[in-house]
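In what follows, a structure is listed as structure tokens, so that the remarks can point back to it.
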Amino acid sequence: MGTVARNTPAEPTELRVLRQDEWNTWYDNLVNAFGGVPEPPEERELDKRLTECDRSLGVWDGDACVGTAGAFSFRLTVPGGASVPAAGITMVSVAATHRRRGILTSMMRRQLDDVRSWGEPLAVLTASEPVIYGRFGYGIATMKTTAEIDTARVRLSVPPGTDDVRLRFADPAAVRDQCEAVYARKVAGRPGMLARRPGWEDLPLLDPESARQGSSPLQCVLAERHGEVVGYTRYFVKPEWDEQGPKGTVRLRDLEALDPASYAALWRYLCDIDLTGKVAMHNRPVDDAWQHLVSDIRRCAVQQHDSLHVRLVDLGAALEARTYQTPVDVVFEVADAFCPWNEGSWRLTGDAKGASCKRTSEPADLALSVRELGAAYLGGVSLVSLAGAGRVRELRAGALAEASLAFGSTVAPWLPHGF
Ligand SMILES: CC(=O)SCCNC(=O)CCNC(=O)[C@H](O)C(C)(C)COP(=O)(O)OP(=O)(O)OC[C@H]1O[C@@H](n2cnc3c(N)ncnc32)[C@H](O)[C@@H]1OP(=O)(O)O
């Protein structure tokens, strides 16, 4: 009793790079592993266009696809503003008939070897279940805020200049490029944001009718000053009525703005839409400034959830790619059972201008695994906090505070969309 039988393979499976003509079979395995509900055709079509087959893996049992894993070629903002190559791990699945016999492990093995050979220092993902990826060296590096503003009760205090911002409706597709230009100006300013690769600008416009569930089509409002687009928001309205009257919901997809007044103008607009009583958001930065515009944060039902998981694939290159907000000179003793090329002692020296991270034989100041370094990498998780859980050990007094402060970020890291 209480033991779980591990499935044993009846036939050996084959792991290989995905061919374009196998994509439909491959993707069907993914859909099945997520419960078998077909994706809306528009979403499937976009996934097909975005899949980089030569960077994707399939596991085959004869003609049947039983495992999938992809790796987008992203560039990710790190503290200091550099845009660093990062493999965006995605579409991971193993057929229910073949689970728990090591197929995921074999894909993760091959994938991290591939990412290393491509010279990309980072692998990043969002997890269906956070429990899956720690064993492969991923640490939870960013959180996202979900919230629901009770707009019947909550008032917004907006900064001077808000009334000077002109708002206008626009067709989301027609003004896509103007919105993208605003987004592009925001990317370097926040760790965790992804530079938009060609094709990805269509992701925020995805609006399959079958997925609306009573909501409007996607709406877009631009914020303009002197005729120039300085912000945008895209959202849906879900009307709802009961005996007491209207209580619709504004479901926010995204909102970006270049200055506090245009930002506040867009939030005030969302909170003031007639016949609605809520603004619901599912992915905002943990330090999003709207939380300081509202009169009653408790009535905004703020929650946090794990978002981006980060894995340092080339530890030295990754730690050199970012900057450090205060001077740091520490020796890390790093454990990395899954990618042993990272194991051992590394001396990190750096400051706000740049960093060097080299192998060393000097005595270690801090002992931790690659997972903790991944968690702390974007500046959103403190090494002190990880040490409180026993996951970082201080071997030289003072080293923990020094490193923890240096690794921090003045702007909270945030992944703006799933992938
Ligand atoms: C980035 C993304 O795409 S996230 C999406 C991930 N995909 C899904 O959630 C779809 C549904 N689930 C699945 O397809 C599969 O169950 C997977 C991919 C999560 C796991 O695949 P498997 O081939 O069964 O994993 P594998 O056999 O290699 O397991 C390796 C270890 O992880 C553990 N593990 C794997 N999945 C889970 C899980 N969901 N929960 C807890 N433990 C897990 C296994 O027990 C095993 O542990 P052990 O080494 O101590 O025995």
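Backbone N, Cα and C define each Cβ position, glycine as well.
Source: prediction; values computed, not measured.
Residues annotated as active site, proton donor in TrEMBL: TYR133. What TrEMBL records for PHE419 is active site, proton acceptor. Annotated acetyl-CoA binding site per TrEMBL: VAL92, SER93, VAL94, ARG100, ARG101, GLY102, ILE103, LEU104, THR105, SER128, GLU129, in sequence order. Residues or ranges marked as domain 'N-acetyltransferase' by TrEMBL: 13-159.
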Highest Cβ count within 10 Å among the active-site residues TYR133, PHE419: which residue is it?
TYR133
Cα distance (Å, whole number) from TYR133 (active site, proton donor) to VAL92 (acetyl-CoA binding site):
11
Between the two most separated Cα atoms in VAL92, SER93, VAL94, ARG100, ARG101, GLY102, ILE103, LEU104, THR105, SER128, GLU129, the residues recorded as binding acetyl-CoA, what distance in Å do you get?
19
Which value does the mean pLDDT take for the domain 'N-acetyltransferase' (13-159) in this predicted structure?
98
Distance-selected recorded positions near ligand 1 (C-beta under 6 Å), from GLU129, TYR133, PHE419:
GLU129
Cβ-Cβ distance under 8 Å to THR105 (acetyl-CoA binding site), same chain, at least six residues away:
PHE136
Helix, strand or coil at VAL92 (acetyl-CoA binding site), per DSSP?
strand
Give me the Cα-Cα distance between VAL94 (acetyl-CoA binding site) and the residue listed as 'active site, proton donor', rounded to a whole Å.
14
What are the DSSP helix/strand/coil residue counts across the domain 'N-acetyltransferase' (13-159)?
48 helix, 50 strand, 49 coil
Let me check the 10 A CB neighbour count of VAL94 (acetyl-CoA binding site). How many other CB atoms are there?
23
Sort out the sequence-distant neighbours of ILE103 (acetyl-CoA binding site) for me: same chain, 6+ apart, CB within less than 8 Å of its CB, listed by position.
THR13, VAL59, VAL66, GLY67, VAL94
For each of VAL92, GLU129, count the other CB atoms within 10 A of its CB; which of these binding-site residues has the top count?
VAL92
Three-state secondary structure, PHE419 (active site, proton acceptor) (per DSSP):
coil
